[in-house]
Every structure is written in C-alpha cells, then in structure tokens.
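The structure appears right after this line, and notes come after that.
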Amino acid sequence: MPPKRSKPAEKGAGEPKQKRARRNLDEEEEKKGKDKSAAEEKKEESSPSTSETEEITSRTATADGRSPNIKIASWNINGIRAWLKKDGVSYLKNEKPDIFCVQEIKCDEDQIPKETKVEGYYTYWYGGEKAGYAGTGIFSKKEPISIKKGLGIKKHDEEGRVITAEYDKFYLVTTYVPNSGRGLPRLPYRTKEWDVDFSQYLQSLDKKKPVVMCGDLNVAHEEIDLANPKSNKKTAGFTNEERAEFTKLLSEGFIDSFRTLYPKKEGAYTFWSNMGNARGKNVGWRLDYFVLSNRLEKDLCDSMIRKNVMGSDHCPIVLTMAL
C-alpha cells in the first residue's frame, strides 16, 4: 500500500457541492477499479513459492472470540534433502509456527543435514530402521516436557512413523501413517493392526491431557476430500476399510479440525500426484490432518491449508488455537 501523501488543493472548488460530491465519488470508483486490476495482474504474474502463505481459509478467533496464542504447522516434505534443495526451510522462517511437524523425511537420524538447524527451534528426529524411508521430525520453539519416539510396539516402530511431544496443556503427536500400497498389499496391516493400535495409543494419552495429532494420515475420509472419489474406491487411501477406521477414531473422542470448521468446503486438498499436472488442475486428495481431542474444539481458531506453498507433492497445513 503506497504511503499516505498530504492532501492536495481540492479540485473544482467552485462547482456546486452536489455535483462535486458525485464527481469525487466517480473518481474514487475509477481509482478502485484500476487498483484492483493492477493487483490482479500482479497476482497472475507471480508464481507460487515456499515463502507464500496463502490459505484456503482464514479465521482469527475461537467461537467465543478468543484470539489464538499457538500456531502449529505440519507438512509431508517427501524427503528432507530434496525439500532443503527446494528452499523448503524458508517456509518455516516465514510461517514462524510455534511447532512445525514434518513427515516422510527419508533420512537416518544421524544424517540429518545441518541446514535443518533453524535459530529459535529445538529439533527432534525419528528415522526408523530402514534407511531412506518414512521418518518424522519436530521443530519446537519451546522445549517439550518429554519426547517419545514410536508407539512402544516393535512391529510399528521400525519405520520412524510417530513422535510424541508433551507440553504443559496438551500432547502433540505427529505421524506418517502407513500407505496401503498399490494393489493394497498392506491394507490388512494398516487397518487391522496399525489403525487399531494407534487409536488405542491416542486414547491412552487423551486420558492424561488433550491431544493434538497431525500428519499425513493417508486417508481421504469422505468423497468431498478427493477430486475423483468414484474412480478411487479401491485405491489406497480411499478404501472402505481405511475410511471406516478413521470414522471409528473420530467416534472415540476426536475431531477433524478442518471439517469441524468447514464441513462443505470443496476442492480443499493437501496432496497432488506429480503426474498429469494434477496440482495445476487441483486434482488432489486431503490426506493431511489436525485431529484434536473433543475438548479442544472450544479452543480451535482455524485449520488452514497452505495450498500455494511448493516444495513437495503435499502442501503444509496450519492449526491455530487459543489455549
């Protein structure tokens, strides 16, 4: 916005007051139109980058009017080295969340690049046993009371899929849920073992403190959560079994923060295939979530999708709360 200038001598000072008022109004409308056209032209010329923080939604307070005092971001970065090469860390510096969770780091804990050390943040990594596969991480401005890696169940903890950070008022759990795979080879493990044990883990935490769970959950819950539901009924991430397990999780004391606020919002996706210009056409899936304990709903300000932030086949999501 240009700086304010001192007001020039009034144009047409000698004309009738009513006529002058109408002419001034016409000039103001003309200026607004020019300003709007210039802004739209500039927007079209600019290309998305990791520094942009445009979101699908924007709310600034809880239902009872309290302003947010904590911001949490989550992003499946699809490989930490590739993400860094694409200047992904600039997103963290621009967004400035209190907590930033990343999934699918594809890196051993002892090989995390030094470029991930960002001033003002503690960092925690969980790479799992299989090199270059899965993995999760947390950047936190405040040092957590405690950090736990995994669920404490060996068959689930070999791939570095869960980190839990305890804070004064809540548990933060970030996760990268197993993908059932092309042809669904891991569907039984995913739905009958992982989903069951992970749900029980969240419920055990919820008995002590409210839970904020975030990450790539590898499920589009309802038809509104993907662009092509009819052709993906038997595709990993949209099978009846995976959707039913997520429904069950929510019924056990949790909410999908985004759909709680925006139950009918269409075209709200967080993942796009790298093929067929899917992102440009917005042919996507909503796979990334902030799931909250029911009793945190009153503290929920907004749940946002940073759809224009590049650097991965997923985009970041952001939660704001008043705790």
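Quick reminder: no glycine exception, Cβ is built from N, Cα and C everywhere.
Automatic prediction, not curation, is the source of TrEMBL annotations.
Per TrEMBL, Mg(2+) is bound by GLU104, ASP216, ASN218, ASP313, HIS314; the candidate from ASN76, ASN240, ASN294 named for the same site is ASN76. The domain 'Endonuclease/exonuclease/phosphatase' (73-314) scores a mean pLDDT of 98 in the predicted structure. With a 10 A radius on its CB, TYR176 (active site) counts 25 other CB atoms from all the protein chains. Of all the active-site residues listed here (TYR176, ASP216, HIS314), ASP216 has the Cα closest to the Cα of ASP288 (site 'Important for catalytic activity'). You'll find the Cα of ASP216 (active site, proton donor/acceptor) roughly 9 Å from the Cα of HIS314 (active site, proton acceptor).
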